[in-house]
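Novice: According to TrEMBL, the protein has these features:
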BINDING   B:Cys94, B:Cys97, B:Cys134, B:Cys137  Zn(2+) binding site
Protein chains: 2
Amino acid sequence: MTTTLDFEQMLRGAALRVTRPRVAVLSAVHALSHADTEAIIGVARQDLPKVSHQAVYDSLNALAAAGLVRRIQPPGSVARYEARVGDNHHHVVCRSCGRIADVDCAVGHAPCLTASDDAGFTIDEAEVIYWGYCFDCSPEGKT
Amino acid sequence: MTTTLDFEQMLRGAALRVTRPRVAVLSAVHALSHADTEAIIGVARQDLPKVSHQAVYDSLNALAAAGLVRRIQPPGSVARYEARVGDNHHHVVCRSCGRIADVDCAVGHAPCLTASDDAGFTIDEAEVIYWGYCFDCSPEGKT
DNA sequence: TCCATTTTTTGGAATGAGTCAAGAATATGG
DNA sequence: CCATATTCTTGACTCATTCCAAAAAATGGA
């Protein structure tokens, strides 16, 4: 498993100060998958009962800016965070229940798609969200 | 140009009641590109000065559910609406200024991508958001 | 054309994720 | 161990969006 020391080293490696809220938040993101801020606050408070929600927001922003966690914001949902970074994977979202699952990117590096016409933009990443229904919510799954 | 009658027919064609707020909102979305709700309210009130913001929200929801407009929710931005529907095009978002531009989909029909592993989901659409910098914000553009 | 029914709009209040700000606490480098 | 800069706490606040009940309007049939 990943220990507190590992998280501290991850923080130092990203030139971030090692604080207890940051360690707790980083640990929480690793323990959960696609968690929203509220869930992260809950888990972080198991370790550190008095962290303020503001500290969690600040930590998440710092961790996301440093690339230690990835922020995903599926339309119709609050911001979510995940620990898988660097492999440019994508997500599939259930239209019915909102469940999110990971989908590996066939290309593996960003940008994994080339736009047909970039409208003058310099594109460095292509984010793909697949929409559909998870097994439990799919019409076939209900028969 | 598109006339009020055209918009009324679009509403009837979608089995929606023809109301003045809906016509004004549909017209506003056609007149703007990637407009947020506030801008739509402003333009709709040029035709119909007393529409409530709630009526605009309801109209946008009804139009989006009927497929007459498309709702896009870029992370870090409020909901935006556009009139181009049915051609499965994508968007490029500027990381710096938030500007949005259309990018035609090379495939043209949904889903335009096949997931490598669908995690048990039934996928019907692949939404692509390209991230980068627009010409005005790009490092090259500033030299 | 007019009425009754159903749907939509109004207006105001409420929700809730996220942000702002000032002072207190803490991590870091020397 | 100290000085300094960063981070955390606390609490109030913003603002897009939603909820609610009453009033208004659109539609289909007479």
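Glycine is no exception: its Cβ is also placed from the backbone N, Cα and C atoms.
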Novice: For B:Cys97 (Zn(2+) binding site), which residues in the same chain are close in space, meaning a Cβ under 8 Å from its Cβ, but six or more apart along the sequence?
Specialist: B:Cys134, B:Asp136, B:Cys137
Novice: List the residues of the same chain that sit at least 6 positions away from B:Cys94 (Zn(2+) binding site) in sequence and have their Cβ under 8 Å from its Cβ, in sequence order, or write 'none'.
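Specialist: Once residues fewer than 6 apart are set aside, B:Cys94 (Zn(2+) binding site) is near B:Ile100, B:Gly132, B:Tyr133, B:Cys134, B:Cys137.
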Novice: Could you tally the C-beta atoms, other than its own, that fall within 10 angstroms of the C-beta of B:Cys137 (Zn(2+) binding site)?
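Specialist: For B:Cys137 (Zn(2+) binding site), the 10 Å Cβ neighbour count is 17.
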Novice: Below 8 Å between Cβ atoms and chain A: which of B:Cys94, B:Cys97, B:Cys134, B:Cys137 make it? I'm asking about the binding-site residues.
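Specialist: Cβ contacts with chain A under 8 Å: B:Cys94, B:Cys134.
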Novice: What count of other C-beta atoms do you get within 10 angstroms of the C-beta of B:Cys134 (Zn(2+) binding site), across all chains shown?
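Specialist: Total other Cβ atoms inside 10 Å, all chains included: 22.
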